[in-house]
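Trainee: What follows is a single structure, and I will ask about it in a moment.
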Amino acid sequence: WRGWEGAPYSTLVPSDEVTINYRHGLPVITLMLPTRSERCQFTVKPVVTTVGAFLQDVQREDKGIERAAVFATDGSKISDATLMEVLLMNDFKLVINNTAYSVSPPVKDKLSSEHATEMEDIKSLVHRLFVALHLEDHQIRKERELLQKLDHLKGELLPLEQMKARITDSADAKTSRLLWIGLALMSTQGGALAWLTWWVYSWDIMEPVTYFITYGSAMAFYAYFVLTKQDYIYPHAKDRQFLHYFYRKSKKQRFNVERYNKLKDDLAEAEESLRRLRQPLHLRLPIQELSDKD
């Protein structure tokens with residue numbers, strides 16, 4: 001049997017030096033303290049107590065203990081974070097200074113189904129009480145993290161929002177100007193057709209001209225549908241032209257639209273998380289689980 005540094009221990013003590021008995025449903029570990037030369041009992045709560053906490057209790061009881069650790073029967077070290085409930089399921093070795101104690105936990109009698117159900121209810125109640133007592137601190141810490149995230153996102157978005165506002169104003173002005181130009185061209189076309197009909201030619205001559213102009217307009221609208229897969233509706237056409245000017249201006253000014261949209265989505269998600277977090281803080285109810293966006 002070798003320790004954590006690979007050196008063999010000087011003593012391997014039989015299992016009767018460390019005994020484990022159950023009293024009132026709790027395991028009581030009795031062992032001989034090396035410095036004080038007296039037997040000491042340690043009552044542990046297997047559902048809550050960890051191996052590390054148990055070893056600290058042993059060292060606090062006997063200041064002469066320099067090293068304490070727990071190993072499995074195959075020589076692997078048991079983590080300090082392991083619950084005593086898990087440790088007591090199998091044999092193990094308790095190492096104190098240079099002495100290794102072989103420990104064989106007794107097999108607990110199987111509980112009746114009613115008793116087992118009652119114990120599970122008690123464990124569930126203890127867990128809920130623990131969560132309720134520590135929930136407020138967790139929520140406050142989470143709220144502080146979300147507020148810091150919001151400040152960081154708003155700081156990154158501020159210059160992008162200013163650049164976006166300038167690009168939006170420029171694209172909107174160009175779109176409005178294009179609409180007024182279209183109205184002016186249609187007015188000019190109507191005036192020219194009227195002048196040719198009443199002052200230059202007769203309606204017999206201009207009627208085929210207006211027919212082909214109408215047919216040409218229908219072809220233009222159909223071509224718009226073929227290219228965009230959308231009907232030629234004035235608000236939709238205006239929005240499409242606005243986006244065309246917006247993305248062209250963004251490319252010239254090196255405005256990263258994808259990064260801006262990502263920051264806006266992150267900001268909205270953080271604000272929603274904060275809203276959902278503050279509601280149970282106000283009502284003192286358990287926090288709702290925040291689901292990640294796909």
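A Cβ is built for glycine as well, from the same backbone N, Cα and C atoms used for every other residue.
So TrEMBL lists the following for this protein:
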- 61-263: domain 'Calcium uniporter protein C-terminal' (DOMAIN)
- 178-197: transmembrane segment (TRANSMEM)
- 209-227: transmembrane segment (TRANSMEM)
Trainee: Sort out the residues at least 6 away from either end of the transmembrane segment (209-227), same chain, that have Cβ-Cβ distances under 8 Å to it, and list them.
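Mentor: For the transmembrane segment (209-227), the nonlocal Cβ contacts are 189, 193, 196, 237.
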Trainee: For the transmembrane segment (178-197), give me same-chain residues lying six or more residues beyond its boundaries with a C-beta closer than 8 angstroms to one of its C-beta atoms, as numbers and ranges.
Mentor: 203, 206, 209-210, 213, 238, 241
Trainee: For the domain 'Calcium uniporter protein C-terminal' (61-263), provide the mean pLDDT of the predicted model.
Mentor: 80
